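Asker: Please find one structure pasted underneath; my questions will follow.
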Amino acid sequence: MGPNGKALKHKLSHDTEREFGGTLGALCIPVFLPLTVLFLICTSRSPEASVLQWPPQLPSTVQLWDPLAPVVLLGWIGLHALLYLMPFGKVSEGLLLRDGTRLKYPINGFSSLCISAVMLMLLLGLGAPLGYLFELLLPLAASAIAASFLFSIYLYIRSFWAPSHALALGGNTGNPLYDFFIGRELNPRIGNFDLKYFCELRPGLIGWVVVNLGMLMEEVELRGSPSLAMILVNCFQLLYVADALWNEEAVLTTMDIVHDGFGFMLVFGDLAWVPFTYSLQTAFLVKHPQTLSLFKAAVIIALNGVGYYIFRKSNSQKNQFRRDLTHPSVAGLETIATATGKRLLVSGWWGLVRHPNYLGDLLMALAWSLPCGFSHLLPYFYVVYFTVLLIHREARDERQCRAKYGLAWDTYCRRVPYRIFPYIY
């Protein structure tokens, strides 16, 4: 590449369109999202459980510290780092990188979930007070937030030793605040240990169902048995996590792995936001028990089942299409050719709306909140947040696909006019 080419490449890396509000977002989000996590946990255990309370309820510094919390957190992450390195499961290749290589990833997340489950059952059998996680929730969240900041600083510093082809296109703007937030390096590794891939589906995601189990055990200690509402939320969310880990290979084609750098945005999301806000319904039910009739439970189970069916079928179709166009399950589907040589699906699930997997995700999110009743807004935080998240992610997808596929994308949008909700949006 000549001097002009290098100058152009440098210019492109620094003029990349900034997302999440640019510098202002990169400054505010790392402040307000951690405070939001702590606020939601505090609110979930207060008698009123009101998200509209002013001033908002935040924990005291005494409530945020328990010497056991960082020990539990680091022990949990260490356990899953060890399980990640265990030689079981297959090894899969990721998508082609800019330097023409493909990284290899161990596909053993489901095995890690099963081993974790066996270990937890053994601990319960030995009388371990898993319900104490309810009391430890705030210190654990505070420890996870602190770990997220420290880990993100390490990732930002180490990225300056990474070769240019290893940097994320959107995270090399030259603005330290923004690059720290969005992530400079695409696939940071220590040897063969992929830090982003590990965090994406291991400690936080499996930690989420462990927190749920802790809330269930606390309810058992308080009331003698778990409520139907608590059991439903635990089962629904365990299914979701187990499905993600059973289909772990599919994450290798997602935006998080393929496009986004590994910075505070993903680190905090993986280690703090997911386990401590996605478990909000079970934390709420500990202090605010709900009674469900069998009919209501059946309706909620049906809703979750429909959402899961749409989510799984559409994702499986997409992943199979991306990996093997000739596979019998996708070979007969209608497609549109693009200038890049790739093809766009315009039939099957992806002819219904542009993101049928998001539709399934949102139906499940609603089913997770309905067991908590309608007396409080707090359990529906996840539905509202997830709707905003998926609409924002869809808009990011839209910009990237239009830039990548050009006229072919315009043709696709005319063929599939609805984005997430058929005949609505």
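Counting starts with 1 at the first residue shown.
The backbone N, Cα and C atoms fix where each Cβ goes, and this holds for glycine too.
TrEMBL labels come from automatic prediction, so no person has curated them.
Heads up, here are the entries from TrEMBL:
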- 20-41: transmembrane segment (TRANSMEM)
- 68-86: transmembrane segment (TRANSMEM)
- 107-130: transmembrane segment (TRANSMEM)
- 136-157: transmembrane segment (TRANSMEM)
- 225-242: transmembrane segment (TRANSMEM)
- 262-280: transmembrane segment (TRANSMEM)
- 292-311: transmembrane segment (TRANSMEM)
- 365-391: transmembrane segment (TRANSMEM)
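Looking at the shown structure, can you explain where the listed features end up?
Answerer: Sequence-distant contacts of the transmembrane segment (20-41), counting only residues of its own chain at least 6 positions beyond either end whose CB sits under 8 Å from a CB of the stretch, comprise 51, 56-59, 64, 137-138, 141-142, 145, 148-149, 175, 177-178, 180-182, 264-265, 268, 272-273, 276-277, 280, 283, 378, 381.
Within the chain, the transmembrane segment (136-157) has long-range Cβ neighbours (under 8 A, six or more residues past its boundaries) at 30, 34, 37-38, 41-42, 59, 63-66, 68-70, 72-74, 77, 176, 179-180, 183-185, 188, 195, 211, 262-264, 267-268, 271-272, 275-276, 283.
Remote same-chain partners of the transmembrane segment (365-391), defined as residues 6 or more beyond its termini with a Cβ less than 8 Å from a stretch Cβ, comprise 40, 43-44, 49-52, 228-230, 232-233, 236-237, 277-278, 280-281, 284-285, 288, 290, 292, 296-297, 300-301, 303-304, 307, 355, 358, 420, 425.
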Asker: Counting only residues 6+ away from its ends, which parts of the chain sit with a Cβ under 8 Å from the transmembrane segment (225-242)?
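Answerer: Same-chain residues near the transmembrane segment (225-242) but 6 or more away: 110, 113, 205-206, 208-209, 212-213, 215-216, 219, 278-279, 281-282, 285, 289-292, 297, 300-301, 304, 308, 364, 367-368, 371-373.
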Asker: Which sequence-distant residues neighbour the transmembrane segment (262-280)? Criterion: at least 6 residues beyond either end, Cβ under 8 Å.
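Answerer: Distant contacts of the transmembrane segment (262-280): 20, 29-30, 33-34, 36-37, 40-41, 44, 137, 140-141, 144-145, 147-149, 151-152, 155-156, 168, 171, 179-188, 195-196, 199-200, 203-205, 207-208, 210-212, 215, 237, 256, 378-379, 381-382, 385.
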Asker: Can you name the far-off residues of the same chain, 6+ from the ends of the transmembrane segment (292-311), with a Cβ under 8 Å from a Cβ of it?
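Answerer: Cβ under 8 Å, 6 or more out: 227-229, 232, 236, 239-240, 243, 349, 356-357, 359-368, 370-371.
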